[in-house]
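According to Swiss-Prot, the feature Ca(2+) 1 binding site maps to Asp63, Asp65, Asp67, Gln69, Glu74. The annotation Ca(2+) 2 binding site is assigned in Swiss-Prot to Asp100, Asp102, Asp104, Tyr106, Glu111. The Ca(2+) 3 binding site annotation in Swiss-Prot covers Asp141, Asp143, Asp145, Lys147, Glu152 and rests on sequence analysis. For 18-46, the entry in Swiss-Prot reads domain 'EF-hand 1'. Sequence annotations record features per position, and here Swiss-Prot assigns domain 'EF-hand 2' to 50-85 based on sequence analysis. Marked as domain 'EF-hand 3' by Swiss-Prot on the basis of sequence analysis: 87-122. Summarising the annotation, Swiss-Prot assigns domain 'EF-hand 4' to 128-163 and lists sequence analysis as the type of evidence. As annotated by Swiss-Prot, N-myristoyl glycine applies to Gly2, with the evidence given as similarity to another entry. Taken from Swiss-Prot, the feature region 'Calcineurin A binding' covers 131-136, and the record attributes it to similarity to another entry. If you look up Swiss-Prot, you'll see Met118, Asp122 marked as site 'Interaction with PxVP motif in substrates of the catalytic subunit', on the strength of similarity to another entry.
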Amino acid sequence: MGNEASYPAEICSHFDEDEIKRLRKRFKKLDLDSSSALSVKEFTSMPELQENPLVQRVIDVFDTDGDGQVDFREFILGTSQFSVRGDEEQKLRFAFSIYDMDKDGYISNGELFQVLKMMVGDNLKDWQLQQLVDKTIILLDKDGDGKISFQEFSAVVRSLEIHKHLVTIV
């Protein structure tokens, strides 16, 4: 793995040189086995993520090559989504990708159920959660295709102004 300068500027556009150095230092501290990639265990050692029920989904979204680990490039790309300098569209796409598990551009009933199940655990019975999912799909699905597109998701999130609260965790 090279130094910070070995990464194209476009992947680091939300971070200045000092921030990249700080992120590199943090990455190396998390990389306990010095493998140049963070395993699930190493990734979840971040205090910000230890209690997050969606940590596996965050890892899956960060892990763009699908190898089950997060290398420094993926770490920079992923954390840049939380930068206060990141744009609204990127933040919305990141949030959408947490739900779009199969990466087909839509949130299906099953995907919404799985992600909400991660969040609520056993606090709701499955039938109660399914009712919530069904109602959510009906409410958000403006074109009636039975799934939530990025546009439908974005419209709701923008109306709630949730995206303004997606700020840096690094």
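Glycine residues also receive a Cβ, built from the backbone N, Cα and C atoms like all the rest.
Structure with Swiss-Prot features highlighted.
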| residue | record | Cβ contacts under 8 Å, 6 or more apart |
| --- | --- | --- |
| Asp65 | Ca(2+) 1 binding site | Asp71, Glu74 |
| Asp67 | Ca(2+) 1 binding site | Ala37 |
| Gln69 | Ca(2+) 1 binding site | Ser35, Ala37, Leu38, Ser39, Asp63 |
| Asp100 | Ca(2+) 2 binding site | Tyr106, Ile107, Glu111 |
| Asp122 | site 'Interaction with PxVP motif in substrates of the catalytic subunit' | none |
| Asp141 | Ca(2+) 3 binding site | Lys147, Ile148, Glu152 |
Reported mean pLDDT - the domain 'EF-hand 1' (18-46): 92
Residues close to Ca(2+) 1 site centre defined by Asp63, Asp65, Asp67, Gln69, Glu74, Cβ within 8 Å: Ala37, Phe62, Thr64, Gly66, Gly68, Val70, Asp71
Candidate binding-site residues Asp102, Asp104, Asp143, Asp145, pick with smallest Cα gap to Met118 (site 'Interaction with PxVP motif in substrates of the catalytic subunit'): Asp102
Tyr106 (Ca(2+) 2 binding site): secondary structure state under DSSP, collapsed to three categories: strand
8 Å Cβ shell about Asp100, Asp102, Asp104, Tyr106, Glu111 centroid, Ca(2+) 2 site members excluded: Tyr99, Met101, Lys103, Gly105, Ile107, Ser108, Lys147
CB-centroid shell, 8 A cutoff, Ca(2+) 3 site Asp141, Asp143, Asp145, Lys147, Glu152, site residues removed: Tyr106, Ile137, Leu140, Lys142, Gly144, Gly146, Ile148, Ser149
Cβ packing number for Asp145 (Ca(2+) 3 binding site), 10 Å threshold: 10
Cα separation, Asp145 (Ca(2+) 3 binding site) to Asp102 (Ca(2+) 2 binding site) (Å, whole number): 17
In three-state DSSP terms, the structure that Glu111 (Ca(2+) 2 binding site) belongs to: helix
